[in-house]
Amino acid sequence: CHFSLTQHFHLHTHPRAGGWSPLSSDSFQWLEVDLGGRTKITAVATQGRYGSSDWLTAYLLMFSDTGHNWKQYRQEDSIGAFPGNSNADSVVQHTLQQPVVARYLRLIPLDWNPNGRIGLRLETYGCPYISDVMSFDGDSSLVYRLSPRPRQMARETISLKFKTLRNSGILLHAEGQSEHSLTLELVKGKLCFTLLIFLYISLSADFPASLCPLQRLVSLGSLLDDQHWHHVAVERHSSHLNLTVDRSTQWVQLPAKLTHWDLQQLSVGAGRGHSSQRPVVSNRNFHGCLENLLYNGLTLIDLAKQKDQRVTVGSVTFSCAEPVSIAMTFTSPKSFLWLPGATEPSSAGVSVGLQFRTWNKAGLLLTFELPKQGGVVWLYLSKSRLHLHIHRAGRALLELTTGSALNDGQWHSVELYSRRGRLTISVDGDEGATAHASPSFPVPMGSHLFFGGCLAEDSGQECSNPFNVFQGCMRLLTLDNQPVDLIMVQQRLLGNYSDLQIDMCGIIDRCSPSRCEHGSSCSQSWSTFHCNCSSSGYSGATCHSSIYEQSCEAYRHKGNTSGYYYIDVDGSGPIRPQMIYCNMTEAKTWMVIQHNNTELTRVRSSQGKNQHSVHFEYTSEEEQLVGIISQSEHCEQELVYHCRRSQGSPLSWWVGGPGAGRVQTYWGGAPPGSQQCACGLQENCIDPKHYCNCDADHTEWANDSGLLTHKETLPVRSVVLGDVQRPGSEGAYRVGPLRCYGDKNFWNAAFFDKETSYLHFPTFHGELSADISFLFKTTSSSGVFLENLGIKDFIRIELSSSTEVLFSFDVGNGPLEVRVEASIPLNDNRWHRVHAERNVKEASLRLDDLPAATQEAPADGHIHLQLNSQLFIGGTASRQKGFRGCIRSLQLNGLTLDLEERAKITPGVRPGCPGHCSSYGSLCQNHGRCVERPKGFSCDCSLSAYTGAFCNREVSGSFKSGTSVSYTFKEPYELNRNSSTLPSSIYSDMTLRAENISLSFRTSQSPALLLYISSYYREYLAVLVNSEDKLEVRYKLDSSREAEVLRSRVRSLANGQLHTVTISRLADTVSVQVTHKHPKISAVSGSLQTAPFGYGIETMVSDFSLPLLSCSLCLDSGDLDPELARPASLGFTGCLSSVHFNSVSPLKAALLHPDSSPVIITGPLAQSSCGSSTSANPYAAETTHHLSGKRGKAVFVCWVY
């Protein structure tokens, strides 16, 4: 279908017929071609005017069936403009990606050679179009009865084309056996598909099945009431339907029990009752034309013409009667229409009517001046409502408001009329809303009426518009009940206008199909659309990028602690984020997914039941489960089975794995397929003849329990226990939560050691939305991270300088660049995160925690990114500007590229990348030390008073009367004799010139001794709360002198709240800082007049959060100075937490390592969370872990009270 159709202005014509060139070269010209009948147009070609400098450089194509109601042809990506010629002789041909069926073709010049005029030779290509057409007027109908019913088919299809000016009406209604029905109906310009199915459903085994209706509702398309042809198809496959409207297709799942339709009757143009043999006549019936109505390839309109007995028609005509409706489009902020009004003021009043459709919430519809009052009338939209405003001399004379939601893209009628002192504005006639007023002044029609906007201010016309201009369509304008001939306006015979498209409505629904992703809602204005991402879990202009991390591992490395987090395993992919518990208390970070029964459940014998079956429902959806298991390094699930009088296999099994799962006959601790339990592998089953304890039919309780660790068989879906019908047979089972650790994607990395090295992957497909994220570290100042090329399009991310990352791409509108510049060097060999996103609205680039940089996409430009080369990582196809360094966790649209596997087989690239502590070492807190791992890092807390994955979990103890803890350092001579066998924490210069001490406490007691450190020379340091509730630090560094005392200025330290004390001494300078729960700091400092403090060493710490360490149990108060003897004799009740003395943590050693540390514990010591700042009541937070009377191997003592 590619024949020349044009009869005039052929290409390559004789010089005397040089082509078309209008008298005036301006934007009001067009060339219209009548093809003589409806024709399928496949291509157009243009050439300049022969022997001249006249040619077009850009143009638009319009088409129409009637010569009115034109529609603009839009190419892929909704591009309207066609590129033209660059000279008068060459031919430029454009094949239409979607052929057009029309009789009339109109070419509108947009731009031409600036050194010439509009000039054109035109050729159109295509072939004649033949179709069967039928008109419906609301009373019309066509009924097709399938008698006899054809055999069942695996695929059935209904297709048709329609055109209408009404936004509602039933196109087709089909009925089948068992009252099944299918309806296609226009509702507000959208095609609604309704599938009503009646199935027998039983709610339980105790009730018989009943007939229940199931309904599927789908809407597709928009603005289908534009009096242009639209294609509709419904295809039934075995398990689903495909519903197509024009170029959009939606998939609809069918119930499993509905294997075929069994359609008996099709009603076209009207609905039918279930028992009626006639179409139902109602205002929902269709008004318009249908074309090529096909059922399984059978042309029903042709059957109607032939008066086939299976077809019944009523009030139809076999042609398309098309009403003429002239619309105009206000396309820009400069658009307006001026019409002359009344030449002489009339006391009869004013009457103006119009219809409009728009997406904008605001815009001027009409304005005119009041001749006698010197005022002005504005009829406008604001907040999607209709407003009338009459204004004079700076004040409002009258205001009226009516209607709502008038920016829905539907046609709305508006009437403004004034008669006999009554002013009325109405919207949508009887079905809409009306507002009235009785002004004290007449409101006649002015001599100049402006619609949509005003002329420029310097035009001399008396028109002002304090509101937004109108952007949308208008039609059916009336003045004094007389229609306005817009064709005369177009021909410049009536009024004036600017930036109007007359005889067409160019409204576009930018939300159909919606570019908003992940279930977000779409709203729009005339020129753009907006996505509401709230509650979606995604962000960005199209709600494409997830706001959540993809694993607990990722949350942990942002410094988070254990808790519930939203996990989005595939990032910007289709799987929804889910709330999952992250356990970060261990070196490994566990994701914990619960199910509906994790308790130990007992099963007793029951008559009539041979087995007990239980199914587990998980808190995460199936896709989420599969994603978590797939990306985790290790997953496990505990399966506990206790039994008595059980014969086990093969009567019992469990089901596990993705989807519905598969039957598994191995049990915890054994490999898949082994049909064994852990005892069988270890050869210690209670009966050597069996491989499981629960196969032995023992009268005593036995168990087969263990961990299931093979990811391919997880999670456990159900458990079936057989052999429960015999007397005395019992069992109990427990299936723990699914637990997984390790994120294979998070640490997946490759090291590029040459600028010419790279990895290559298949072409990246991100036509409409593309997000790319990764981490990098380097010592180089530039290099390309990623590049993918197309014929013209490309996408690239690079380090353009030592402080700048550049994201660039081209989708056909010319290269676009987004840059982010950092204030610090990026080639510091530390990890930096990059996230780039490109969608139909904008491009964005984010670097680390810097603000994102964005660039908006052209409003009506190309939107598809079309790539065809390989994807290059770490380099380019030209092997220039390659990247040297590490790239990690590279994800494209939520999918992780396996850099490590590809690097194993690529020269110049090494899998993995060491050196994480430079970036993540700061996560190790409180003197924790970062330790490198092959994948990641860990924190060594041995020199910290804290514990936990990041050394950030406080270690607290609550003390009761009589409790004491002592930590002993070795004597100097013992260190010399046995130094190689002692931990490094107790080696140090026994003569200390400095110390750093920190601890936290809670107590309600004063005075209270908190910390006492002494030497063999009766030198000491003591920390206490004195009788005035103040902190007091006593230093005695010379036994021949009195102790020196530092006191804080803050009182009320014995108030039961958490306080932290930090003491730092360097030679004779001491600083003491007290931090309160509500951040309030008290600091004191001073100088000591003594020599260095020589240690033997004996250290004492008094814990103050709950119980008190009684001095009488740990130290003779007679050995103390009188000022310390009384607090020591009183003992201490309270909580101590995170006690740290230089590199020693005596309380941590006592609580966590009492058997391997040089500690002595006297009395009950309970580990507690009382040292946590979030613990409001430390006594209620006490744990049940008690250490009493345990003694470490020590000689010298450090006391903890």
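Placed from the backbone N, Cα and C atoms, the Cβ positions cover glycine too.
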Second cysteine of the disulfide that TrEMBL assigns to Cys913, among Cys886, Cys924, Cys930, Cys939: Cys886
Sequence-remote partners of the domain 'EGF-like' (507-544) [C-beta within less than 8 Å, at least six residues beyond its ends]: 78, 190, 221-223, 248, 329, 357-361, 409, 471-473, 566, 568, 572, 574, 576-577, 768-769, 771, 837, 839-842, 844, 859
Other CB atoms within 10 A, centred on Cys886 (disulfide bond): 25
Around the Cβ of Cys913 (disulfide bond), the count of other Cβ atoms that are within 10 Å: 24
Residues in the domain 'EGF-like' (914-952) grouped by DSSP into helix, strand and remaining coil: 7 helix, 11 strand, 21 coil
Helix, strand and coil residues within the domain 'EGF-like' (507-544) as assigned by DSSP: 0 helix, 10 strand, 28 coil
